[in-house]
Structure formats: C-alpha cells, structure tokens
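J.: Structure provided below as structure tokens; questions to follow.
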Amino acid sequence: QFFVFCHGLLQLSQLLVSGYLKSSISTIERRYGLSSRTSGLLASFNEVGNTLLIVFISYFGSRVHRPRFIGTGAILVSLAGFLMSLPHFITGRYEFDQSVASTLSNITDLCQPRPWANLSDANCTPRASRENHEVLLVMFIAQVLLGIGGVPIQPFGISYIDDFASERNSPLYLGILFSVTVIGPGVAFMLGSAMLQFYVDIDKVSGAEVQLTHEDPRWVGAWWLGFLVAASLVALSAVPYFFFPREMPKEVGEVLQVDLFALLLSGFPLVLLRNLRHPVYLLVVLAQVNISAMVAGLATFMGKFLERQFSLTASFANMIIGAVNIPGAMVGIVVGGAILKRFQMSLRQCSAMCVLGMFLCLLVAFPLLFLGCPTQKVAGITYSDRYPQLQPGWARAGHSQGCGHTPIQLHSSGGCNCPEQAYNPICGSNSIEYISPCSAGCRAVNIQKDTSSVLNYTNCSCISENGGFAIPGTCNTGCFHLFLPFVVLSCLAGILASTSHTPSFMLILRSIQPEDKSFAVGIQFMLLRVLAWMPGPILYGSAIDTTCILWEKRCDRKAACRYYDNTLFRQR
C-alpha cells in the first residue's frame, strides 16, 4: 500500500511536467512564434525517447530491480523539467507592438502620415533568428529526456503492484493509481492557470514597465515558472524508490538471474508474437489507441480551443480544464474500477461495459459540434465595410477595401501609412475589431496617469466619419452563454468514456499469460505511443493550422496564428 502511495505521487509529479507543457502551449506559441503543428510536434516528442526503449525495458521487467529503475527514470524526468524552462533564461525580453513609446519600445502604432520602417525587419536580427532555433533545440532535447525517463515508471509500477497484490485488490489498486495519474494533468492545468497570471519577464522587468493586462491578446504569462516547480516535485518523489526491496514478501518463488543478452535473442521474438497474435489483447489495444489519439490531441489543444472559441484568457481556460474536465475523467476511472470490484466482472462483461461507456460518450459529445462562437468581425481580415458579407479567408487573396489594412501588403489606411506587421488589436465603438490603432485610423490615445496603461483611442477616422473611439483588446466573440453548456457536456462525455479505462486494462492483464504481464503492458504502451500519443497532437495541430486566416510573420517566416476561422476550428 505504501508503494501504491509512492507510485501515485511519482506519476502525479511526472505528469505535472508533461501536462504543464500542454497547459502553456498557446503561450509558448505566442512567445516564440510557433505554428500549432510545430507545438503539436513538440508536445508529442517525448514519446520518441519513450518508444525507442519501452519494449526492451518492459521485457526485462520481472528480471531487474524495478523500484531502482523507476527512481533513476524519475531523476531523468526531473532534469528534463529543468531543461524545459532554460529557453527563458537564454533569450532576451519579450517584445510586442505598442502605441506608447516606453523603455521597452520606441515605436508607436498610431496613425502617422509619414511612412513606417517595417516592424518585422526591425526585430529580425541574425541573433533573433538564431535564438529561435536554440529555443526549439533545447525544448526538443528536454522532451526526448522526459520520454526516456518516463519509460520504466508506468509499466514497472503496474506490474510490480499486480505481482504482489491479491487478485481481488489488484483492480482497486490500479483504479486508484489510474485516478491519481489523471489528477496529474489536472494539477498541471491548475498550475498553468496560476503561473500564466504572472508576466513572462517577471524576473527581468519591474511591474511598472508591464503595460499589458491578462485579457490582452499580446499577453504572455510566466510559462517557464511551472516547469521549475514540477521538476522539483519529481526529484523529491524519486527518493523513496531507491529504498524499496526488489520483491515484496508476498511473492512466491525465486527470481532467476540470467544472461540478459542470450535471453533477448532466444525469448523476445516468441513472446512478442504470442502477445500480438492474441485476439483479445490486440483488439483492446487498438481500441485504446483510438481513444488515446483523441485524448492526446484534445489535451494539447483544448485550452487553446476554449481561448479562441469563447474569448477566455489562457489562465481561465486552464483552470476550467484542470478543475472540471480532468476531475470528471478521474471520477469515470474510479467508478469503472469500483463497478469492476463490486460485481467481480467476467472478461465478457468487462468488454460490454467498455462498449456501453463509449457509445454513451458519443451521444453526449455530438452536440459539441454546434456549441461555439462565430469568428469576430476583424476589419480587412474577416470583414469589410464595403463587402460586409465576406467570409473569413478572403484576405488571403490580398483584397483590400476601405479602412482596415490587410497585412498582405503595406498601404494607406484612411490616410495613415500603417506598418505591415503591427499587432495591437483594438475594439471599435462600431463593434468591429482592428488589428492595430493605425488600421482604425486612430490619431490620439488616452493614458491612465498612474499605471501608464491605455484607456482608449480617439479620433479614429475608419470607425466613424466624425472620428470614433476604440478600447484596447479584442472584441469578444459574444457567445459566452454557450460556454456553460459546452463545459457540462464535455465533462459528462469524459466521465462516460473513462469508465472503460480500468475494465480495458483488466481485459489485457487477465487474458495473457502471467509471465508475459510486464512485457504485454510494455508493448501496449509502445503501440499507444507510436499510433496515438505521437501522431495525435501533430494531427490536431495540423488541422488547427488549416483554419488560420492571419499568420504573424517573423523574419519572413510564418510564425504563430493571430486569427482563426472559429467555425472551421470547432468542426475540424
């Protein structure tokens, strides 16, 4: 029972490291100008190190000192967490477009009759370009380490517990372990919610210099701080494993010492084939692959989805996922394990329970296709005063009518020469969004004296002929009332789907030969990694990128997406 407690704690803190990346993915995209496809690749890259080793390490599961292997893996995971935060310390301050000259910026994006220097070129030094490559390199290396360190943790832990627990208690212990495993990402999203409320350069600039609020689309939170917290927790959790015995007293029989290499050559292919040819094992693993691919993609981009659909801050979106969706899945896993223990289910009943859970989940989740917001009206991107019926995506063709400049080309907006790359969204009194004060033709700005923050922009010739006004920040998508039904239905769907988690594991553990248990769980996790956890976030990220209607440009390369077609984003 103490091992179950320690293992729960370790898995929780290990998932805190990998889950925290998912909670801060939209922030990292904005900070370093990444597309969703790149961030999806980054999120799934820890599976690379994992996949290369998991089958071999699991194969030797019952033949090595499992607790010490788990402890060593945990130390590597901790190191990976510290590495993930390193890019913050090796890069300069975060820079963004401003209307007010300050210590951070000496350029303004108000309407000016004189021509502009190109903003993107001003920031495009060889150093800036090199920095971006260094950041990605460090993060990808950290992700590989995270994967390698995670290899022994779950398969060895599961097989160690299943070996030394009674057959009646094993489902309950595994149910507890899985539920704790699900808390990990939940706590990670809550940690993300807390950390992203601090400004990214909290250690480099004073509070007075920060002129952005959390609601500002240019806001970047302290994404790196959570990695330091999570990595420290993993290091602490690793300590007890170096003191557990190789085997528990309950085990009967000797553990054989054999030459590993000879064993590898003689037994490995046979055991692999024996498991892969087992119909129950193969079908259950393929079913798990399908649901895991969906979970992997959703876990990575659900926060971003909520931010864009319902105009939420990254911090609030993380809080909802961490406090509602993930605990819902945890409840489902515990309920599934409890039903299994209460009714002592046969394998056939286990599979029926899995099918029922999935079917009900589909019914509840179907309405989510329709619960969301339309894309906000953005002048020159999704809306034109001359052609108000234009659909998102028209700006890609390079059209440019009336006020609101299209970023495709540099041109005069209401007599203003606007910079091509300015991004400082404002919401006009006409409820139309403009990507910068210049594109709305605003010539004046009102500043709050004590904080130097912008109150509003005035004398905006594109908003009204008499000179309208605008407030900083985006115009909300305006359908927040759909947010509550969306959260309730998505949480319910998660509860129903996750009731099948423990029964599907029991189908695997009870249908294969006892000596193959460690190995079978290892193959299962390898297949999940290769077919689900690796491609899942990349597929989701690529699909999300196809719905982008305005890309940021950095050094002539496509960086992060600024506006999405919300309806396409939701459906895809």
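Even glycines carry a Cβ here, placed using N, Cα and C.
I grabbed these lines from TrEMBL:
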DOMAIN    1-572  domain 'Major facilitator superfamily (MFS) profile'
DOMAIN    410-461  domain 'Kazal-like'
TRANSMEM  40-61  transmembrane segment
TRANSMEM  67-86  transmembrane segment
TRANSMEM  135-153  transmembrane segment
TRANSMEM  173-200  transmembrane segment
TRANSMEM  221-243  transmembrane segment
TRANSMEM  255-273  transmembrane segment
TRANSMEM  280-303  transmembrane segment
TRANSMEM  315-340  transmembrane segment
TRANSMEM  352-372  transmembrane segment
J.: To the transmembrane segment (221-243), which of 67-86, 173-200, 280-303, 315-340 is linked by the most Cβ pairs under 8 Å?
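T.: Top-ranked stretch among 67-86, 173-200, 280-303, 315-340: 67-86.
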J.: Under DSSP, the domain 'Kazal-like' (410-461) has how many residues in helix, strand and coil?
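T.: Helix/strand/coil tally for the domain 'Kazal-like' (410-461): 3 helix, 22 strand, 27 coil.
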J.: Do any residues of this chain, six or more beyond the ends of the transmembrane segment (315-340), have a C-beta under 8 angstroms from a C-beta of it, and if so which?
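T.: Residues packing against the transmembrane segment (315-340) from afar: 23, 171-172, 174-176, 178-179, 182-183, 185-194, 196-197, 214, 221, 302-304, 306-307, 350, 353, 357, 487, 490-492, 494-503, 506.
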J.: Using Cβ atoms and a strict cutoff of less than 8 Å, what residues sit near the transmembrane segment (280-303) while being 6 or more residues removed from its termini?
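T.: Answer is 19, 22-23, 25-26, 36, 39-40, 43-44, 185, 189, 192, 314, 317-318, 321, 325, 347, 351, 354, 358, 497, 504, 507-508, 511-512, 520, 523-524, 527-528, 531-533, 535-537, 539-541, 544.
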J.: Mind checking which residues of the chain, 6+ beyond the ends of the transmembrane segment (173-200), have their Cβ under 8 Å from one of its Cβ atoms?
T.: 4, 7-9, 11-20, 22-24, 27, 31, 88, 94, 154, 157-158, 161-162, 165, 207, 210, 212, 214, 219-226, 229-230, 299, 303, 313-316, 318-319, 321-323, 326-327, 329-330, 333-334, 336-338, 340-341, 498, 501-502, 505
J.: Over the domain 'Major facilitator superfamily (MFS) profile' (1-572), what does the predicted model average in pLDDT?
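T.: When the pLDDT values over the domain 'Major facilitator superfamily (MFS) profile' (1-572) are averaged, the result is 82.
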